[in-house]
Amino acid sequence: MSDKRRYFGTDGVRGKVGQYPITPDFVLKLGWAAGRVLAKQGTRKVIIGKDTRISGYMLESALEAGLAAAGLKATFTGPMPTPAVAYLTQTFRAEAGIVISASHNPYYDNGIKFFSYEGAKLPDDIELAIEAELDKDIECVESAELGKASRMVDAAGRYIEFCKSTFPSKLSLSGLKLVVDCANGATYHIAPNVFRELGAEVIAMGVEPNGLNINDQVGATDVRALQKRVVEEHAHLGLAFDGDGDRIIMVDHLGNKVDGDQIAYIIARDALRRGELKGGVVGTLMTNLGMENGLKQLGIPFVRAAVGDRYVMEKLLEKGWKIGAENSGHVILLDKVTTGDAIVAGLQVLASVVGSEMTLHELAKGMTLYPQVLENVRFAGDNNPLEADAVKAAVSEVEAELGSKGRVLLRKSGTEPLIRVMVEGEDETLVKQSALKIAQAVKDNC
């Protein structure tokens, strides 16, 4: 079996709807191939959730047909955050969980990602086995062995109660005014209820999904509307989730953005204060130097993993630590959950706000963020602009100019045809100029 993936990226199979591989026929076959592999593992039962994209209906039906042909029973939750599917997969002792989502991407993209019976991303060998089955012709099991489908009517209530259970029982959100932005995505009927039931006054936005407006000028990837609303409403803070509920960005009462690095820092510092910190914190190559320095001042160990929440998870398991994060808002808290969970992460920050009697603004000031500029350059074809001499020369020039007071990172996105250019340093003007210089070199060689 080849160890090179053709379909699975860092977050499952993803692409533009209607273009291979996000087509009904391929997704049907993917369901069958996954069913063949998973049927050998155990219970022949899977939990399937989705976000609010209009294409979710089509892909859900295709998956159902493929899984049934392989003899698996599918239980559908309807719109449900990705971490909720991971949780329900565990509690129902299912063999796997499947989420139909393209996370923070626009509505015209979609994808399929899988969770193991432990609620974690599928191991590499299982993904490769599924890809091997995709090369075969579909063969249905005997008619008496065909799978059935059912609906889980209480999935939302189950997950809401789980989220609330991760918040300290002696604390309450009473007296807090929160603005909650659900990105017109999968958390729209979950997150506002979690915070309200814990006592907060909640102003909800991004809670009117129509199949096309997911992540559209709302949510964790665009917090401008949330920043404006928090200030207008004189709220204590705001929370923004992405389309599938595995990313969180927060906003303080002044309208300042608080990213995944700062969120992880606040959670780690609070755990240290309570004497409950287990090990250190895992970040990524994109993690701000300010977080690393801030943790160092507290005596908290820090290591970097490759970009992608699956690599953060791998490093956490390797080190035996419990807190990991990406600055984009993936926050993994292994003492609470098995995967990145935005609502649960937000609750831990709120516990710190209430428990310390400090504002989010005050808590976030504990670390100083270095100016960091990210430029995305779209490319097509098989060429690799990162190997171009002109790009390498531009990087070398910038690194020489930044010296020890900054860094440069270029990488291919694992989910989109993008080259990501990141420059970080003490001098914001120089950082911006440097990022544009490298991005232009990349564009010229695409």
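Each residue, glycine too, has its Cβ placed from N, Cα and C.
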* **Further binder of Mg(2+) named by Swiss-Prot next to ASP242, ASP244, ASP246, taken from the candidates SER103, SER116, SER396, SER404** => SER103
* Structure fact -> Those same-chain residues, other than SER103, ASP242, ASP244, ASP246, found with Cβ within 8 Å of the centroid of the Mg(2+)-site Cβ atoms are ASP51, PRO81, THR82, SER101, HIS104, GLY185, ALA186, ALA220, PHE241, GLY243, GLY245, ARG247, ALA342
* **CB contacts for SER103 (active site, phosphoserine intermediate) [other CB atoms within 10 A, all chains]** => 28
* To do: Out of ASP242, ASP244, ASP246, give me whichever of these binding-site residues has the highest number of other Cβ atoms within 10 Å.
  => ASP244
* ASP246 (Mg(2+) binding site) and SER103 (active site, phosphoserine intermediate), Cα-Cα, nearest whole angstrom -> 8
